[in-house]
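Trainee: Reproduced below are the annotations present in TrEMBL:
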TRANSMEM  B:24-45  transmembrane segment
TRANSMEM  B:78-101  transmembrane segment
TRANSMEM  B:122-145  transmembrane segment
TRANSMEM  B:165-183  transmembrane segment
TRANSMEM  B:204-222  transmembrane segment
TRANSMEM  B:228-245  transmembrane segment
TRANSMEM  B:257-275  transmembrane segment
TRANSMEM  B:329-349  transmembrane segment
TRANSMEM  B:450-470  transmembrane segment
TRANSMEM  B:482-503  transmembrane segment
Amino acid sequence: MSGPAITLANASAAYDGRTVLRGIDLTIRTGERVALMGRSGAGKSTLIGLIHGQAAERIALVPQASALVRTLSVFHNVYMGRLDRNPTLHNLRNLVWPAAADWTEVGRVLGRVGLADAIRAKAGALSGGQQQRVSVARALYNGRPILVADEPVSALDRAQGAAILAEMARTHETLVLALHDVALALAHAGRIVVLDEGRIVLDAPSRGLDAAALAPFYEPAA
Amino acid sequence: MIAGRAPAERASPRALALPKRRPAPGYAAVSRWFVALALAALLAADLHVSSLNPWGELGRLLAGLARPDLLSVAGWSIVYTVAFAVLGVGLGAGAGFLLAIPFARSRLVRVLCAALRAVHELFWALLLMQVFGLSATTGILAIALPYAGICAKVYSEIIEEADLSALRVLPAGTGAVSAFAYARLPDVAAAFRHYTLYRLECGMRSTLVLGFIGLPTMGFYLESAFRQGRYAEAGALLLVFYALIGTRRLWVRAKTLPLLVLGSALALPPMIGATDIGASLSRFLGHDIFPGPLRGAPLSDPETCARTWAWLRPILTDQVLPGAANTLILAQIALVATGLGALMLFPLVSRRFAGPLGRPLGRVLLVAVRSTPEYMLAYVALQLLGPSMLPAILALSIHNAGIIGFLMGRHADLIPYRPDAPRGLNLYAYETVPRLYGQFLAYLLYRWEIILRESAILGILGVATLGYYVDAAISELRLDTAVVLIGATALMAVTVDALSRLLRRSLRINTLPTRLAEPVRHSAAVPDPRQRPA
């Protein structure tokens, strides 16, 4: 383990004047695999937003909505992960006539999420689960060291989800994942951070936790 | 590799259930066809600049526009402009409202409305002038007739789209009028008001164009100011006109409406020209518009048929065909230029591209462009560049690109971009344009028919489209020929409208908004939290 990758000190966030997060102290070190958990509405996505805002230039993001451009091909959607690091002229040319090297590279990344055959398909023609994997592929292709993902496998079954998470872990040392599946979180994260009503209520290594220990945070609020 | 761990996907290579059915022609294919046809049309088009010093003239024009001489504006022309627009649009919208009720059920009403709106208000004016002379009746009816057809169609669409849940729970036996007034009208009233106000804006532009053929609106003074190079006066007239349009929400209100209508009726200019309307109407309908060889000849006589054909054939080969070809060429180039222009202009009014400072400026520019009637733009361009297709192309594409660009900018601001979206040209090319492209095509295909009708009209300025031949026929008092030509124009407009609807349906963009008056609906946008770390 080395230095901190992300540091939030007493951070808060509000939507339209309503406080969503308050008093957040969170340090994530390089090499850590953190699962953010909690009921829907607890503030996970907002915290993901804060983390992304903190170090956008080191983060590959999988946003909650897959945010694909439905009218473009899967190739173009994945290629978008690196638009900022290629010359604009090259990007425009790829829109019309994809370069062979980029095509191969994108195809390789798509293979990692099991979608190598879909490279020519229109993103809008894919199923929800396939779109989610394209969104993951875009972040993998982005290649920045810290992978931050907001419910990246929510539309997949547990076996597929596990495979995608393992693939993400293969190339990214530092992972921050918002997850709602307790078993997946315990299996793939080294550290569990639980949010409730905008605060961090649990922050512990996953080794000492089991599903029963996390259950209280998922019961309906009294 | 992940496949090893995902048995579900390993099991069969076809597990990737991509829909095989591709939508017949895609966005790209349709766009390529339109561009290819426009390039072919460019080869056939006459685009030369014949004026000796276009830049010098443009400089004088801009200098004049920059120093408007507000005192030179004829006050009554403003009153007449408003009066013609209010009465013409009021009459047209009222008739349109009545026609909208049977519109969906009656084929006859639909055909009648299609015919009314397929003829441009300028052609209506040229025909009406033969009966009513250069009078207020001509001006008002020239606006009211086509607007009735347009309003009937749009009102009926609004009624069709409305929420019907309230209608279903009405007690059985509720009369049709009560049901309409209680369960339908309240839901559609806002959309009606929006659209009618937009039509009033169009009506004001139409009165300007009618001024160019002699009615005493601001258009009349604009034309003479431009023709005689009094650009300071032209600038002042334009400024007043923009102000009228820009403030229309202030002076057109429920409370002021009765006053506006009454005032307009009282303020109408006196009759000029023809006096005995009954006689001229019966001569027009019973004699003038009939093909010459048919007048007073027995219809059953084969001789008459032969003579009619001998009369019709040269009209078809020497006027309709070349006129239609030129109209299509002009419309095709203008349509594609409009598309390119809109794609270039919309970033000016979009928050992500223009920024908080640039966007208001962009809006002012595009609203000014959209408020300027294309006919007037073409007239000015003609003065600067000399007669060819170029002025017409410039006018049509600038005006329409302003309209579509403005609307696309509003749609662009509603796109829910992901937090790590790229910026600048990358955002434009990869996110914004692909996401807006369906909407863009919907607007463009909708404008296609309008651009075609305008292309025909601009012939009056000297490009040899159908309007050129209509104008010539009318000035030689060959009204029978004019009616054939106007009928051909209407037929082309109806055909293009049908083609456009067909294309929109096959591209599955027929449900996207195309009406310019429509408030842009907020899509289910992902909230964009303004996170602020403390």
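Cβ from N, Cα, C; glycine included.
All TrEMBL annotations are machine predictions without curation.
What's the neighbourhood like for these features in this structure?
Mentor: Cβ atoms under 8 Å from those of the transmembrane segment (B:24-45) belong to residues 325, 328-330, 332-333, 335-337, 339, 389, 393, 437-438, 441, 503, 506-507 of the same chain, restricted to positions at least 6 beyond its ends.
Long-range contacts of the transmembrane segment (B:122-145) within its own chain (CB-CB distance under 8 A, at least 6 residues past either end) are made by residues 83-85, 87-89, 91-92, 95, 116, 203, 206-207, 209-210, 213-215, 217, 268-269, 271-275, 277, 280-281, 284, 288, 375, 457, 460, 467, 470-471, 474, 479, 482-483, 486, 489.
Proximity of distant same-chain residues to the transmembrane segment (B:204-222), defined by a Cβ-Cβ separation under 8 Å and at least 6 residues beyond the stretch ends, is recorded for 73-74, 76-78, 80-82, 84-85, 88, 121-122, 125-126, 129, 134, 138-139, 142-143, 233-234, 237-238, 240-241, 244-245, 248, 269, 371, 373, 375-376, 379, 460.
Sequence-remote contacts of a segment are chain residues at least 6 beyond its ends whose Cβ falls under 8 Å from one of its Cβ atoms, and for the transmembrane segment (B:450-470) they are 118, 120, 122-123, 126, 213, 319-320, 322-324, 326-328, 330-331, 334-335, 338, 374-375, 378-379, 382, 387-389, 391-392, 395-396, 400, 481-482, 485-486, 488-489, 492-493, 496.
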Trainee: Please give the sequence-distant neighbours of the transmembrane segment (B:482-503): residues at least 6 beyond its ends with Cβ less than 8 Å from one of its Cβ atoms.
Mentor: 25, 30, 114-115, 118-120, 123, 126-127, 289, 291, 312, 315, 319-320, 323-324, 327-328, 331, 445-446, 448-449, 452-453, 456, 466-467, 469-470, 473-474, 510
Trainee: Other than its close neighbours in sequence, what residues sit by the transmembrane segment (B:228-245), given a CB gap under 8 Å and a spacing of at least six beyond its ends?
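Mentor: Same-chain contacts beyond the ends: 60-61, 63-73, 77-78, 81-82, 201, 204, 208, 218, 221-222, 368, 371-372.
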